[in-house]
Amino acid sequence: METSPLFLAQSLLRCPSVTPEEGGALAFIEGVLKEAGFEVHRPVFSEPGTPDVENLYARYGSGEPYLLFAGHTDVVPPGDTSRWTYGPFSGEVHDGELYGRGAVDMKGGIACMMAAALDFIRANPDFKGSIGFLITGDEEGPAVNGTVKLLEWAKGRGERFDHCILGEPTNPNRLGDMIKIGRRGSLTGRVVVEGKQGHVAYPHLAENPIPGLLRLLSGLLSEPLDHGTEHFDASNLEVTSVDVGNPASNVIPAQARATFNIRFNDLWTPHSLEEEVERRLREAAGNTVRYTLTMEPTNAVAFLTPPNAFVGFIADAIKAETGWEPKLSTTGGTSDARFIVKYCPVVEFGLVGQTMHQVDERVEVADLDRLATIYRKVLEAYFAASA
Ligand SMILES: [Zn+2]
């Protein structure tokens with residue numbers, strides 16, 4: 001069977017796997033991995049109120065160490081397909097670029113992982129470790145019936161991973177730019193200030209909640225939360241909405257609300273942040289502002305995989321293949337890595353993210369070959385180190 005990164009990527013791109021549809025993508029991976037000797041499982045997870053989602057778990061070998069490749073085959077919708085130069089599910093190549101929804105996020109990355117693993121196994125059929133694939137169909141959607149449950153399911157079977165590479169598109173501009181060795185956490189809060197509705201001409205009979213809300217918000221924003229850490233930028237509190245919902249210019253509203261979101265580094269936990277927010281609001285409110293604060297539950301906690309030997313294997317492979325010294329970063333939004341890190345150290349490295357979620361999402365065919373080579377070199381170094 002042909003196992004070039006381009007062939008594998010094209011085959012995956014031709015599967016219309018918009019979340020939560022499997023679209024044939026996992027079936028394709030199952031076929032390829034089974035033929036190469038992997039044991040493959042296809043658990044389906046359900047939850048009331050969300051669509052059932054198909055997932056895939058595959059393992060080759062039974063020894064240690066166990067290196068896991070993780071990713072997702074679901075893609076965001078293509079949008080207006082007439083705006084695409086080539087069909088979003090056609091997998092066409094033009095001028096050295098492969099087009100299609102998922103080309104970089106992240107069917108292209110999965111194709112490279114598969115090509116690398118198959119190539120490594122062909123060359124080292126009796127290596128003393130295990131290679132696995134943990135592939136979900138629910139990353140771009142509600143993310144309820146995907147990675148979280150798949151990890152629990154695997155744990156329930158007694159699976160234990162040593163390290164994981166998540167193949168999200170981590171490079172901003174060119175392959176080799178950036179490895180993600182952690183992610184910031186995310187926490188959302190809402191504050192509501194109570195007043196008393198009334199006529200603007202009779203303010204003494206009313207109580208305007210807006211000045212109170214302004215005081216609270218300036219209290220929240222008065223000082224930076226921190227100044228960053230060795231591997232993280234400073235935490236950031238962003239006010240995302242201020243809302244009174246008052247269409248009349250002659251009415252003092254009864255209530256004013258604001259929402260804010262904090263992207264936080266490894267100095268904080270959701271709990272310690274909540275305490276800090278409470279402290280700032282209490283101080284700003286004094287005895288005069290009546291308010292309530294609600295913090296939304298979050299599963300996005302800041303985490304870091306410290307730059308160790310494992311990160312070194314990846315950085316070295318990147319340098320050898322591209323010549324670039326990759327930046328070790330913790331920037332950007334949250335990813336499934338926040339779930340995986342509860343089971344084993346995880347590092348993210350994939351393709352160039354520039355066109356992800358866009359019309360004409362595409363990847364350079366040469367980048368597919370180079371990423372597959374990088375993953376292959378990582379496998380080589382990883383298993384050689386434990387031999
Ligand atoms: Zn993705």
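Keep in mind that glycine also has a Cβ here, set from the backbone N, Cα and C atoms.
Per TrEMBL, the feature Zn(2+) 1 binding site maps to His72, Asp105, Glu168. Proximity of Glu168 (Zn(2+) 1 binding site) to non-local residues of its own chain (separation of 6 or more, Cβ distance below 8 Å) is seen for Gly71, Asp105, Met106, Gly109, Lys180, Ser335, Asp336, Ala337, Glu348, Gly350, Gly353, given in sequence order.
TrEMBL lists Asp74 with the feature active site. According to its DSSP assignment, Asp74 (active site) is coil. Within 10 Å of the C-beta of Asp74 (active site) we count 27 further C-beta atoms, all protein chains included.
Its Cβ taken as reference, Asp105 (Zn(2+) 1 binding site) is surrounded by 26 other Cβ atoms within 10 Å in the chains shown. Sequence annotations record features per position, and here TrEMBL assigns Zn(2+) 2 binding site to Asp105, Glu140, His357.
Under DSSP, Glu139 (active site, proton acceptor) is assigned to coil, being neither helix nor strand in the three-state scheme. Per TrEMBL, active site, proton acceptor is recorded for Glu139.
Residue counts for the domain 'Peptidase M20 dimerisation' (181-287) under DSSP (helix as H, G, I; strand as E, B; rest coil) come to 32 helix, 36 strand, 39 coil. Feature annotation from TrEMBL assigns domain 'Peptidase M20 dimerisation' to 181-287.
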Zn(2+) 1 site shell beyond His72, Asp105, Glu168, criterion: Cβ within 8 Å of Cβ centroid: Gly71, Met106, Gly109, Glu139, Glu140, Gly167, Pro169, Ser335, Gly350, Met356
In the chain carrying His72 (Zn(2+) 1 binding site), residues 6 or more apart in sequence that have Cβ under 8 angstroms from it: Met106, Ile135, Thr136, Gly137, Asp138, Glu139, Glu140, Gly146, Thr147, Asp336
Inter-residue Cα distance where the pair is Asp74 (active site) and His357 (Zn(2+) 2 binding site), in Å: 12
Other CB atoms, at most 10 A from the CB of His357 (Zn(2+) 2 binding site): 14
